[in-house]
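The block underneath contains the structure these notes are about, expressed in structure tokens.
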Amino acid sequence: MDPNSNSSSETLRQEKQGFLDKALQRVKGIALRRNNSNKDHTTDDTTGSIRTPTSLQRQNSDRQSNMTSVFTDDISTIDDNSILFSEPPQKQSMMMSICVGVFVAVGGFLFGYDTGLINSITSMNYVKSHVAPNHDSFTAQQMSILVSFLSLGTFFGALTAPFISDSYGRKPTIIFSTIFIFSIGNSLQVGAGGITLLIVGRVISGIGIGAISAVVPLYQAEATHKSLRGAIISTYQWAITWGLLVSSAVSQGTHARNDASSYRIPIGLQYVWSSFLAIGMFFLPESPRYYVLKDKLDEAAKSLSFLRGVPVHDSGLLEELVEIKATYDYEASFGSSNFIDCFISSKSRPKQTLRMFTGIALQAFQQFSGINFIFYYGVNFFNKTGVSNSYLVSFITYAVNVVFNVPGLFFVEFFGRRKVLVVGGVIMTIANFIVAIVGCSLKTVAAAKVMIAFICLFIAAFSATWGGVVWVISAELYPLGVRSKCTAICAAANWLVNFICALITPYIVDTGSHTSSLGAKIFFIWGSLNAMGVIVVYLTVYETKGLTLEEIDELYIKSSTGVVSPKFNKDIRERALKFQYDPLQRLEDGKNTFVAKRNNFDDETPRNDFRNTISGEIDHSPNQKEVHSIPERVDIPTSTEILESPNKSSGMTVPVSPSLQDVPIPQTTEPAEIRTKYVDLGNGLGLNTYNRGPPSLSSDSSEDYTEDEIGGPSSQGDQSNRSTMNDINDYMARLIHSTSTASNTTDKFSGNQSTLRYHTASSHSDTTEEDSNLMDLGNGLALNAYNRGPPSILMNSSDEEANGGETSDNLNTAQDLAGMKERMAQFAQSYIDKRGGLEPETQSNILSTSLSVMADTNEHNNEILHSSEENATNQPVNENNDLK
């Protein structure tokens, strides 16, 4: 990988961190807050006081019952970040995003209907005899102007769209363009009795359609979840195909009429489609990213809540909002943007020149593919091939266009943008060349049927690939600060090339004076242009499948060319989401037990997989270790569930609810590289749960770097830090797999004699721990999450409260715990050294965070633990347990 790209990526992350912190503070103002009564039960972390199980129980109960959803700008009422991200995100519903995205695609239907309409109207006998100036037929020049001037209007409409959409919103722009601009143009066309008024009406309608074509894909991209973005934007092209088909069907039913209704009925029906879209938009939300653009975070949160189907205080929704806000603020810090900035690369817009070229080139090659030649002039062309019913053939081509757009909705997310465009372009090239060869060689009815068959193949390939994917890429490729302008430029490029093709095609194909009379030879031109488009796609298009709109910037920084972009796309997705894992995976390296892993890659996986647990019977006999049955995966018990259902199997009388609050991150002289989310595991360990990070001492340890990026600031990327962290994990694995030991102790609560064993799932004892819920923390660690169990050095470590602290803190394990903490202290010191020396107070904060007992243990346990550590300090650590 290019080291410069790695350096730029790292610099970008560092610079964005400050904006992430500021965005987090802003989002606090719209998050859940605790009532004053709840504050009375929280721990004063500054005094170091320890909460008892009773106070902890009361605090969690109050938190569950007293937090309410409010909007407020007074961020002082929210004490810490734990309110924002302490609870697992709820399962998001994709239904509303799908409905919104599909509905606004009606804008594409207007485009397709008007495009197909002119193809049929100019061939109607009544129109040729009453509207055409010579009352016989339209000349090549008249056809050229009549067809192309719609595209001229759309060109200007697309360029004006960003000014309206950035000033007043995406939603008002769509409403204004349909109910006013488009309807005015449509009225002129309905009332036209001659070619002049018909042309003027098409230009005005074109302005409305152009604005819609620039804003609808933009709205879809900004409102839709990333897992559906490609498919939803592709519905815009699908709606275009339906418009073409319906216009052909309507014209087929009216073309035989011998009065003005033959063309006025098809044109007048456009009032229905435009009114349907305009009225429906009143009930849809504004784009959340537009609200961020206008710094209206409360409205942005409400919009996201509507689109994602979760409450406004959901942690997953708030994290998404923080990311959107921080990315936009980072871009805005470089100043306002204009149309010129869309073509200039900068720190806030990496490879912007290439991105702009990619969007414009794709739109141009889409129009140069030859598709609009068939839809604009198909009826006339089929007439000249000897086909008896050209209207029927034209209708068939429209039907093929509709049908094959459906698989394209799935191809774009399943195969990715690059593969779909390359494969589709190759098929289109071959089909065009075959049509040209057959059309030039033979003049028979059989040859005409072969031509029609391969034209249908070309349309099928176009519809499933280039038709929708080009709009997807044009809508998602650009930073938020210039996104509306760039999308408008791409749409304008589409219409400009469309205008050129519509203007010159009659002169190229038709026979007569001042024409080239190419006929079927024009398909050689389309085939050659398709081949050029494939080359451009291969070299310039970056694979953006599965990335958020904000992650696309990182892709362009990391990847030097589009050819290698799929690798970096995979790296980014794996870092953020993790690829698909089996629900249960057995690690054979001797460092872990059977553990559950979340399927983070599949967005359709229910969100209750956020913390998976093992469910089913596991046979741990010496000769056979396998999972017998996994009926289902369930959530870790909630605070309320555990409070109501104490651990009866262990005789637990004082329940301890799980603490899912964030541990404050020590402030360093450098900003954290990425957001972190800490959970108190007890015994001096804090787990960074963000992106499945390992137990973390550094605030940026959740950052996953690829193997090519060794040298980054995280514990997973830095070679020396990674080695040290591996030592810690190896040590814990050694503890997990050490020989079972037992000590007979007396339960201080019940007075019963109990045997405490050193065992794991791989050395199961007779005392089955039915209530242990193991989670895979990665890197050889398994967490027993039931009742806040620490990393499962002991299978029954969650019973420490009920057993008077004798489980994990007895003298038999003191040396082991001391050795583990010694290694963590070494790692903390290496982290301090790496920072280049910090203030003494900062060093103390880091070391205390890594070594101190977390706040959720009781005073009794605290005393025993300190006593154990003192004993361990006076005894040398067993060399056999210290992994080299």
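Cβ atoms here come from the backbone N, Cα and C positions, even for glycine.
Now, the feature entries from Swiss-Prot:
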{"type": "REGION", "residues": "30-67", "note": "region 'Disordered'"}
{"type": "COMPBIAS", "residues": "45-67", "note": "compositional bias 'Polar residues'"}
{"type": "TRANSMEM", "residues": "98-118", "note": "transmembrane segment"}
{"type": "TRANSMEM", "residues": "144-164", "note": "transmembrane segment"}
{"type": "TRANSMEM", "residues": "179-199", "note": "transmembrane segment"}
{"type": "TRANSMEM", "residues": "203-223", "note": "transmembrane segment"}
{"type": "TRANSMEM", "residues": "230-250", "note": "transmembrane segment"}
{"type": "TRANSMEM", "residues": "265-285", "note": "transmembrane segment"}
{"type": "TRANSMEM", "residues": "359-379", "note": "transmembrane segment"}
{"type": "CARBOHYD", "residues": "ASN383", "note": "N-linked glycosylation site"}
{"type": "TRANSMEM", "residues": "392-412", "note": "transmembrane segment"}
{"type": "TRANSMEM", "residues": "420-440", "note": "transmembrane segment"}
{"type": "TRANSMEM", "residues": "452-472", "note": "transmembrane segment"}
{"type": "TRANSMEM", "residues": "489-509", "note": "transmembrane segment"}
{"type": "TRANSMEM", "residues": "522-542", "note": "transmembrane segment"}
{"type": "COMPBIAS", "residues": "642-670", "note": "compositional bias 'Polar residues'"}
{"type": "REGION", "residues": "642-671", "note": "region 'Disordered'"}
{"type": "REGION", "residues": "686-725", "note": "region 'Disordered'"}
{"type": "COMPBIAS", "residues": "701-710", "note": "compositional bias 'Acidic residues'"}
{"type": "COMPBIAS", "residues": "713-725", "note": "compositional bias 'Polar residues'"}
{"type": "COMPBIAS", "residues": "739-765", "note": "compositional bias 'Polar residues'"}
{"type": "REGION", "residues": "739-772", "note": "region 'Disordered'"}
{"type": "REGION", "residues": "791-812", "note": "region 'Disordered'"}
{"type": "COMPBIAS", "residues": "857-869", "note": "compositional bias 'Basic and acidic residues'"}
{"type": "REGION", "residues": "857-884", "note": "region 'Disordered'"}
{"type": "COMPBIAS", "residues": "870-884", "note": "compositional bias 'Polar residues'"}
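By the Cβ criterion (distance under 8 Å, sequence gap of 6 or more), the transmembrane segment (359-379) is not counted as touching the transmembrane segment (203-223), fewer than 3 such pairs being found.
Beyond the ends of the transmembrane segment (452-472), by six or more residues, the same chain brings 217, 221, 229-230, 233-238, 240-241, 362-363, 365-366, 369-371, 374, 382, 385, 387, 393, 396-397, 400-405, 407-409, 411-412, 417, 420-421, 423-425, 427-428, 431-432, 434-435, 438, 533 to within a C-beta distance below 8 angstroms of the stretch. Counting same-chain residues at least six beyond the ends of the transmembrane segment (522-542), those with a Cβ under 8 angstroms from any Cβ of the stretch are 354, 357-358, 361-362, 365-366, 368-370, 373, 417-418, 421-422, 425-426, 428-433, 435-436, 439, 466, 473, 505, 508-509, 552, 555-556, 559, 561-563, 565, 569. The transmembrane segment (489-509) shares the most Cβ pairs under 8 Å with 144-164, out of the stretches 144-164, 203-223, 230-250. Count of Cβ pairs under 8 Å against the transmembrane segment (265-285): among 144-164, 179-199, 203-223, 230-250, 392-412, the largest is for 179-199. The recorded stretches the transmembrane segment (179-199) and the transmembrane segment (230-250) do not share 3+ CB pairs below 8 A when only pairs 6 or more apart in sequence are counted, and are therefore not in contact. As a quick check, the transmembrane segment (230-250) and the transmembrane segment (98-118) clear the bar of 3 or more Cβ pairs under 8 A, pairs 6 or more apart, so the two touch.
Packing around ASN383 (N-linked glycosylation site) is summarised by its Cβ count: 15 other Cβ atoms lie within 10 angstroms of its Cβ, all protein chains included.
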